[in-house]
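According to TrEMBL, the feature domain 'Cation efflux protein transmembrane' maps to 21-208. Marked as domain 'Cation efflux protein cytoplasmic' by TrEMBL: 215-290. Here TrEMBL flags 20-44, 50-67, 87-109, 121-142, 154-175, 181-200 as transmembrane segment.
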Amino acid sequence: MGHDHADHHEQKLTKVNSAFVVGIVLNLLFVIIEAIVGIAIDSLSVLSDAGHNLADVGTLVLSLLAFKLTKVKPTNRYTYGYRKTTILVALFNSLLLLLTIGAIIFGAIEHLFHPQKIPGLTVSIIAGIGIVINFTTALFFFRNKEKDINVKSAYLHLLADALVSVGLVIAGIAIYYTHLYWLDSIFSLIIAAIILVSTWKLMKESLRLSLDGVPSTIHLEEIETKIQMVNGVKEVYHIHIWPISSTENALTAHLVIEDDINGEQEAFIKHEIRHLLEHQNIQHVTLETEREDCRNGSC
C-alpha cells in the first residue's frame, strides 16, 4: 500500500510540474506582449498588469523549483530533505506580491493627478487575451488547489489575473467611449485591491505553516476524537500536528490503551490509527503507548 501511495504521489507531482511549465511559458509570452503594448500606448493599467504577471511568472518558477527540491533525498543534516521549501516559497511569493501591490498603488496615484491619453480599445483587446491565458492556465491547477498551498498560491494568482483582465476590458471600453483617461488609474487601484485580498489570505496561511502550525484542512479536535474512537484506546494526549511540506504532514501522540492489550493487539491499534490518519492527509505518524494503570501512576 505504501508503494502505491508513493506512485500516486509521484504521478501527482509530475502533473503539477507540467502545469507549472505550461503556466510559465504562456504567462511569459503574455508579459512580453503586455509590456510592449503598455509602453507603446503609455497605459499604466496595462503596464501594472504586465508587472503583476511578471511577478506571477517568478512565482511559478519558484514554485516549480520548490517541487523539484521535494525530490532531494534526506541527509544527516536535513532529515526531511528540502520538502519545506514549498511552504517557504509560498510565503516568499506572498511577500513579493505585496511589493508589487505597493508599486501599482504608487504609480496609480501619480497618474491619477496626471492622466495620459490612451487607446481604450487596444487595452480591451490585450486584456481579453489575458483572460483566455490566465483562466486556461488556472484550470491546470484547479484539481490540486485544496491539497497544496503552493498549488493554491499559483491558482489564486492566475485566477486573480483573469479577474483583473476582466476589469481592464471594462476600463478599456469605458475609456474608449467616455475619454475619461483617469479611469486607467482607478482600475489600477481596483487591481491592487483584488490582488491584496487573495495575497493576504495566502500570506497568513503560509506564515502559519512556516511556524509549524496545523494546516487549515486538518482539524486537531476531529483527529483526536477519531483516534479515541479506535477500539482499545482510552485516551490520547500530547498530540502534535505539523507540515513537513505543502503536501505532507506529520503527527506525534501519546496513547493510553487498555491494560489487557497484548503486543499484537497494540501493533494492530497503531496500524489502524496510521491508516485512519493517512485518509486525513497525515502521512508521517509516531505513536507512543502506555497502559492505563501507568497513566494513573500504578507502575
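The backbone N, Cα and C atoms fix where each Cβ goes, glycine too.
Curation plays no part in TrEMBL annotations; they are all automatic predictions.
Beyond the transmembrane segment (154-175), the same-chain residues lying 6 or more positions past its ends with a Cβ under 8 Å from any Cβ of the stretch are 19-20, 23, 27, 45-46, 49, 52-53, 56, 59-60, 63, 93, 97, 118, 120-128, 130-131, 134-135, 137-138, 141-142, 145, 181, 183-184, 186-187, 190-191, 194-195, 198, 201-202. Residues in the domain 'Cation efflux protein cytoplasmic' (215-290) partition by DSSP class (helix H, G, I; strand E, B; coil) as 25 helix, 27 strand, 24 coil. Simply put, out of 20-44, 50-67, 181-200, 181-200 has the most Cβ pairs sitting under 8 Å from the transmembrane segment (87-109). When Cβ-Cβ distances below 8 Å are used as the criterion, the transmembrane segment (50-67) is approached by residues 13, 16-17, 20-21, 23-24, 27-28, 30-31, 34-35, 38, 85-86, 88-90, 92-93, 96-97, 100, 103-104, 130, 134, 150-151, 153-154, 157-158, 161, 164, 191, 195, 246 of the same chain, each at least six residues removed from its ends. Here the domain 'Cation efflux protein cytoplasmic' (215-290) has a mean pLDDT of 91 out of 100.
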